[in-house]
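The structure appears below as structure tokens.
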Amino acid sequence: MSRASVSSVTKEQPSPVANPNTRSAFNNVRQKVTTKHGWLGDYDYRWLCLPSLPTGKRKQPPFYGLDDELPLVLAMASGLQHALAMLAGLITPPIIFASSLALDPETSSYMISASLIGCGILSLVQMSRIKLLKGYYLGTGLLSVVGTSFATLSTANAIFTAMYNNGTCPSTVGADGIVTRESCPDAYGMVLGTSLVCSFLEVGLSFFPPRILKRIFPPMVTGTVIVMIGASLIGSSGILNWGGGSNGCQLRPTSGIYELCPTVGSPHALP
């Protein structure tokens, strides 16, 4: 390809498209719901749905345009997939919090509901991009979900452990030496209060230009933090709950049912 053709391709901008009127919009909807093409389109559903074997011959993926219109079946399937992925990420942190603090099912359900309601409200604000004074905006205007973050789990678990160790939260020690945490909803309230105070720092940093933020938080800092968050989650939750959970084996008791893992009566129990 010549230099002139490359220049024309990179500099040529698409022409603006006029907004459709009511009649054309109605015709588009009718064609979408009454035709096979509107429901299924011309997509290769075999390539979309069937897995590709790592040892088999790989087929090149078809080209999908950025602004291509999706058929109804594919749009509904993709929407359901995104909704389920979003839902799992929103309800998992409150479930882990409730489990760490031995909260009752009613409180756990309340935390999950609060997470979903807060996510809905904050996501609307984030996607709306409300204009403020002097060129500032509230929200990004992007289709992004704002909700509970897994980044808080490692910090919150460390706080909960410290509060149980210093007696702020109640716990009992059984005859076999296993420490059982009792319900401590106040610990979750303290974490929420601390997060509220720290949020003002983030609000203040949002007024700084991106070039200053990149100098304050270079890739070396942000990358290290992300790696440490993942490593902490693996140690505090992933490994402990792998294969159905390690139960009391993680505490290494010298006697009792959890002296061997997973229990003393299990086949091939190990210390």
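For all residues, glycine too, the Cβ spot is worked out from N, Cα and C.
Record features, source TrEMBL:
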- 1-27: region 'Disordered' (REGION)
- 83-103: transmembrane segment (TRANSMEM)
- 109-125: transmembrane segment (TRANSMEM)
- 137-160: transmembrane segment (TRANSMEM)
- 187-208: transmembrane segment (TRANSMEM)
- 220-243: transmembrane segment (TRANSMEM)
Folded-back contacts onto the transmembrane segment (137-160), same chain, C-beta under 8 angstroms, at least six residues removed: 86, 89-90, 92-94, 96-97, 100-101, 115-116, 118-119, 122-123, 125-131, 169, 184, 187, 190-191, 194-195, 228-229, 232-233, 236-237
Beyond the flanks of the transmembrane segment (109-125) by at least 6 residues, Cβ under 8 Å: 90-91, 93-95, 97-98, 103, 138-139, 144-148, 188
